[in-house]
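Just passing along the structure, written as C-alpha cells.
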Amino acid sequence: MSKKLCGTNYPLSICFIVVNEFCERFSYYGMKALLTLYFVTYLKWDKDLSTAIYHAFSSLCYFTPILGALIADSWLGKFKTIIYLSIVYVIGHVVKSVGAIPTVGNTDVHIALSMVGLILIAIGTGGIKPCVAAFGGDQFDEEHVSERQKFFSIFYMSINAGSLLSTLITPVLRGDVQCFGGDCYALAFGVPAALMIVALVVFIAGSSLYKRNPPQGNILLQVCKCIGFAIKNRWRNSKQEPKRKHWLDWAEEKYSKRLIQEIKMVLRVLILYIPLPMFWALFDQQGSRWTLQATRMNMAFGDSFNIKPDQMQMLNALLILLFVPIFDLIIYPLVGLCKIKITPLRKMATGMIFAALAFVAATLVEINVVKTVVDPAPAGKCLLQVVNLVQGDISVKIPNNEIFPDTFAYLQDPPKYEMLELETSRTDLNIEVSFSGSKVVCQETFEEQKAHSLIIYKVDTLLQCMVVEDNIQKNTDGKPFVRFFSTLQEAMNITIGEVNFYAPPGYRMSSNDTVDRREYPSVPCDLQSEDCPDLNLGLLDFGASYTFILMKESGKIVAEKMEDVKANSVHIAWQVPQYVLLTAGEVMFSITGLEFSYSQAPSNMKSVLQAGWLLTVAFGNVIVLIVAEGAGLEQWKEFVLFAGLLLGVCIIFSIMSIFYKYVDPEGMDKINLEDSKEEDETDEKKISMKLNKSAKSTRM
C-alpha cells in the first residue's frame, strides 16, 4: 500500500512528480523564451530564418510524444521512459549551453551544437510529455477519483507556475548579466539545464514510493494496425463481397467489434481535428513574431524599470492562472443565464475568433511600430541623409538625383533618409555643395543597399565633405546605438555607463556601440590638454541610433545630438490587448478541446486522442515555418494573413461541428458492455458449433 500525504488520500509520491514537472517546465519555457533572440543576436540569422527554426523546434517537440508513448506502452513502461529520456533531455540542455559560449569554436561549431542540443531537448521533452501526467494519475487508487482530478489541477498549475517564473527570470539572466563581452546566453541556457538536472534528481528520489504499472501494449499501434487491415481487406475483397456499412467493418475478420466501434468514435473526433492546427499556428507566435515585435517597442515602465522583450511571454502564463477560474465561475455561468447553449465545440470556435482578433490587434500595433523603422534600400539604391556642420544654410545637389530640393540649417537633425539611385553596386558621385554664394564639388563613393550620412563641415574657409556608413538596424534587445563625430583637434575618451568610446580627433567618427536606455545628464569624458566637463546627452531611448557631434561652443565642449533612427515610440503595453485576446482564446479552445477529447473517447482510446491533439500543435508550427520562409510578406500583412486564415478555418470548423453528434460517456460504456456481451455470445455459439461438428465426426 502506498504512503499517503499527511493522513489524506493523496499518495506521497505525487509530491516528487509535481516538483519534477515544475522544474521541467521551468527548464523548457525558460530556454524557449530566449531562442528567437539567440538566433538573431548570437547566431546572426535573419528574422525569417530565426522564426522558421523556432517553429521547426516547437513542431518537433510535439511530434516526439508519439515516440515517447510507444516506448512507454510497448517496451519500458512510464517510469523508465521518463528516466531515460530525461537523461537525453539533460544532455541536450548541456550541449545547447556549451554552444552559447563564444570561446568554444567558431560560428559553425555554435550552430552545430545548438541544433544538436535542440534536437535532443525536443526528443526529451516530447518523449516524457505523455508519460509524466499519466504516471501521476497511476499513483492513485481507483476509488480516489476526486483526489486524482485535483491532482491534475495541481499538475496544470505547476506547469504554468514554472512557465511564469522562467519567462521572468531567464531574460534577466540573459540581458542584465554580461559575460564574454555581451549578453550572457550561456548562463541563461545553463540555469534551465540545472533545473532539468534537479527535475531528474527529484524524480529519481521518489523511486521507492512509485506505483509502477507494467507496459500493456500500445493501443495507438493496435489502432493503426486495425485501420491498415481494414483498408487492405477492403481493397482486396470489395469486388467479390457485398459492401459494408462502414469501411472499418472490413476489419471484422481479424479484430473485435468493440475495438472497431471505438475506433469509429475516435475517427469522428480526429476528423474535427483537421482544421485545428491553424489555431496553434497563431498561438505559438508569441515566442517568435510577437517577441521580435516587442524588440521595436518602448519597454520602459517609469524611470527605473525596463522590461525585456522576451519577458512579455510571461503574460500568457499569468493570464491563464487568472482566466481559468474567471471563465469557469463567472463568464460561462453568465452566458448560461442568457439561455445560450454552451457546447464544447462552440467554445472552441469562439476561441478561434478571439485568437484571430488577437492578430488583428497585433497588426494595428505593427503598423504603428514600423513608423520608427528605416527600411533598407533595395538593390541599385542606397539611403542618404545630410548633416550640416557649417554655420549657415547649405544646399546639396547630386547630378540626375533631385532628392534634396530644400536647404539644410546648421546642426539640423536630418528628418529622414532619402533614396539615391546608383548605376553600379559601388558608385562615385560628384556632390555640389553651396554655401553663402560659394560652391564646392566633392567626389564621394556610395554603396548599394547601405545607409550613408553626408557630413558637410568647414576647415578654415574651405568646405569639406565626408561620407560615413550608418547603422539603421534597431538593436534586438532595444538598447540604443551611440557614436561620436569629433570636430576637436584632440582625441577624447567618453564613458557611458560601462561602455567606453574613443573619439578620434580631426573630423572623424568613433565606433558604434549600444548602451543602456536611460537619461544621461552627466557623462564623464577625458582630454589630455584640458579639463573635460561632463557631457549632457539627455535621454538615450529604446531602438534609436544617435550620432553626437563633439564641438566647442563659447569655449565649452558640447555634444550635439542627431537622431539617425527614431526611438521606439509605441509602448510595449500596447501588446497587452493581443495577449489578453489570445489567452482568452486559449482558455476556450485548448482547455475545452482537451475536455472534449477526453469525454468523447472510449476509456482505452484517450491516449490515441491525446496523440492526435499534440499533432495538431506540431502541424500548426509547420504552417508558420512555411509562411515565414515562403511568403516573404511585410510583417503586418503576414499578421492579417494569419488572422484571415483562422477566421476561414473557424467557419469550416463551425460547419463541421453542426454535423457532429455528442457521445454520452455513460451511454458509451453501455455500448461497450453490450458489444462485449455480443462477442461473448458469439464466442459461445462458435464453441458449441465446433463441439457439434466434432461430435458428428466422432459418430461417423
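Using the three backbone atoms N, Cα and C, a Cβ is placed for every residue, glycine included.
TrEMBL does not curate its annotations; it predicts them automatically.
Relevant sequence annotations retrieved from TrEMBL are reproduced here:
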| type | residues | note |
| --- | --- | --- |
| TRANSMEM | 52-71 | transmembrane segment |
| TRANSMEM | 83-105 | transmembrane segment |
| TRANSMEM | 111-132 | transmembrane segment |
| TRANSMEM | 153-173 | transmembrane segment |
| TRANSMEM | 185-206 | transmembrane segment |
| TRANSMEM | 265-283 | transmembrane segment |
| TRANSMEM | 314-337 | transmembrane segment |
| TRANSMEM | 349-370 | transmembrane segment |
| TRANSMEM | 608-627 | transmembrane segment |
| TRANSMEM | 639-660 | transmembrane segment |
| REGION | 674-700 | region 'Disordered' |
So are the transmembrane segment (185-206) and the transmembrane segment (314-337) touching or not, going by 3+ C-beta pairs under 8 A with a sequence gap of 6 or more?
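Taking Cβ pairs at least 6 residues apart, the transmembrane segment (314-337) and the transmembrane segment (185-206) are not in contact, as fewer than 3 fall under 8 Å.
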With the transmembrane segment (52-71) as the reference, which stretch in 83-105, 153-173, 265-283, 314-337, 608-627 has the largest tally of C-beta pairs below 8 Å?
608-627
How about long-range neighbours of the transmembrane segment (608-627): same chain, 6 or more residues beyond its ends, C-beta under 8 Å?
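The answer is 51-52, 55-56, 58-63, 65-66, 69, 129-130, 219-220, 223, 266, 269-270, 273, 276-285, 288, 593-594, 597-598, 600-601, 638, 641-642.
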With Cβ-Cβ distances below 8 Å as the criterion, list the same-chain residues six or more beyond the ends of the transmembrane segment (111-132) that contact it, or say none.
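Long-range Cβ neighbours of the transmembrane segment (111-132): 17, 20-21, 24, 28, 31, 38, 43, 57, 60-65, 67-69, 71-72, 78, 81-82, 85-86, 88-100, 104-105, 607, 610-611, 614.
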Which bits of the chain, at least 6 residues beyond where the transmembrane segment (349-370) starts or stops, bring a Cβ under 8 A of a Cβ in it?
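Contacts of the transmembrane segment (349-370) (Cβ under 8 Å, skipping residues fewer than 6 from its ends): 278-279, 282-283, 289-290, 293, 296-297, 568-570, 574-575, 577-579, 581-582, 584-590, 592, 634-636, 639-640, 642-644, 646-647, 649-650, 653-654, 657.
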What residues elsewhere in the chain lie close to the transmembrane segment (153-173), defined as a C-beta under 8 angstroms and at least 6 residues from its ends?
17-19, 21-31, 33-34, 133, 136, 184, 187-188, 191-192, 195, 308-311, 313-314, 316-318, 320-321
